[in-house]
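Undergrad: Annotation source TrEMBL lists active site, nucleophile at Ser243. Residues or ranges marked as active site, charge relay system in TrEMBL: Asp266, His321.
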Amino acid sequence: FFVKFFLFLFCFMSFVIFCQFFSRFCHFVSRFCNVLSFCCDLVFLSCQQGSFFRLYYPCQETEKAEKPDWVPCREYFNGLADFMKINRTLSERIFNHLFGSFKIPAYLDAPFKSNGKCPVVIFSHGLGAFRTLYSAICAEMASQGFIVASVEHRDQSASATYYFNDSLVKEWMYYRALQHGESEFPLRNKQVKQRADECILALDKLTEINSGRAVQNALQTKFDWTTLENSMDLCRIAAMGHSFGGATVIEALCKEVKFKCGIALDAWMFPLDDETFPRVKQPIFFINSEKFQWAGNISRMKKLESAIIQRKMITIRGTVHQSFPDFTFLTGNWIGKLMKLKGEIDPHIAIDLSNKATLAFLQRHLGLEKDFNQWDALIDGQDENLIQGTNVTVLQSAI
């Protein structure tokens with residue numbers, strides 16, 4: 001009885017705190033938007049080797065469109081439980097109670113509308129995440145005129161994902177944990193290469209859509225794909241990602257020159273081959289948290305330093321590794337800090353700095369005619385909440 005009562009009390013308190021922070025989260029994402037962001041989900045090819053991503057794009061407000069669920073279905077709760085190594089039955093009830101009824105601040109399958117061709121961003125999620133968990137970043141990019149494809153990776157690094165088999169039945173794939181005694185690098189290196197290929201495949205699908213070619217979305221959405229014909233500026237494409245997704249950005253830049261620059265949010269550099277670094281020729285912007293990075297990881301970032309190609313690094317004071325996904329907005333202060341989902345800085349200030357610095361860097365290296373250069377100083381860490389470079393001491397001999 002006491003265990004059940006404590007669990008109920010914990011859920012109730014968390015739910016109340018969550019409601020307060022979610023309303024602030026929705027307000028934060030929407031307050032910048034002169035043009036609202038919209039999204040739809042796409043699955044191309046029924047097989048495991050197909051492409052799966054959530055597409056964010058700019059559009060004017062509509063009363064008829066609905067907002068999509070932040071967590072699409074219960075299988076994703078099961079995947080999160082597996083990733084966190086907790087009981088599925090218990091965690092599903094808690095996750096569903098806390099997060100199951102909430103929507104992201106974007107409209108589903110709404111009509112596309114833009115005043116010109118949109119630059120493109122391909123976004124890669126972190127280890128144990130999935131396509132919907134970075135909506136604060138992706139929706140903001142879309143509200144600023146970008147078309148953003150948030151890829152859901154099928155390399156077993158996502159907590160959960162699925163594909164359609166030959167009978168058009170969903171086949172679920174869950175996070176693959178390391179086996180006892182298994183070396184981690186071979187697995188992660190194989191995964192980062194597949195992840196980069198999936199980012200490139202997503203770009204290929206967007207290229208087909210932009211050309212007006214008929215596409216078959218296995219999810220049967222109501223979105224009219226013909227409205228995206230000739231809507232994208234395919235000379236202005238960037239790769240962006242968090243953690244494992246940051247490493248994916250580096251690998252994707254190495255494999256595909258169509259990516260003109262990369263944004264790596266608190267990148268985890270471990271999965272990358274040393275041979276990859278000298279082959280990357282595009283500008284890169286590392287935006288790091290204060291608490292996650294260590295000397296070995298930073299030294300690998302510094303291997304990408306160049307006297308010719310711009311490689312920038314800033315650190316946001318008071319942030320943790322989970323200051324970039326949406327979870328940082330969805331917990332109260334003490335629960336967030338206990339679970340390391342929240343740092344000392346207000347998460348709205350942190351993501352605002354990250355987004356503005358990102359936009360300034362994208363304008364500089366994609367040649368955009370916007371006003372994002374008003375935030376150029378952030379690229380060099382010129383703000384009281386920023387550190388130019390890193391807070392981590394790295395010996396030159398390590399580099």
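Quick reminder: no glycine exception, Cβ is built from N, Cα and C everywhere.
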Undergrad: Output, ordered by sequence, the same-chain residues six or more apart from His321 (active site, charge relay system) with a CB under 8 Å from its CB, or 'none'.
TA: Ser243, Asp266, Ser289, Lys291, Phe292, Lys340
Undergrad: Suppose we draw a 10 Å sphere around the Cβ of Asp266 (active site, charge relay system). How many other Cβ atoms does it contain, all chains included?
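TA: Excluding its own Cβ, Asp266 (active site, charge relay system) sees 28 Cβ atoms within 10 Å.
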Undergrad: I'd like the number of other C-beta atoms within 10 A of the C-beta of Ser243 (active site, nucleophile), please.
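TA: Excluding its own Cβ, Ser243 (active site, nucleophile) sees 24 Cβ atoms within 10 Å.
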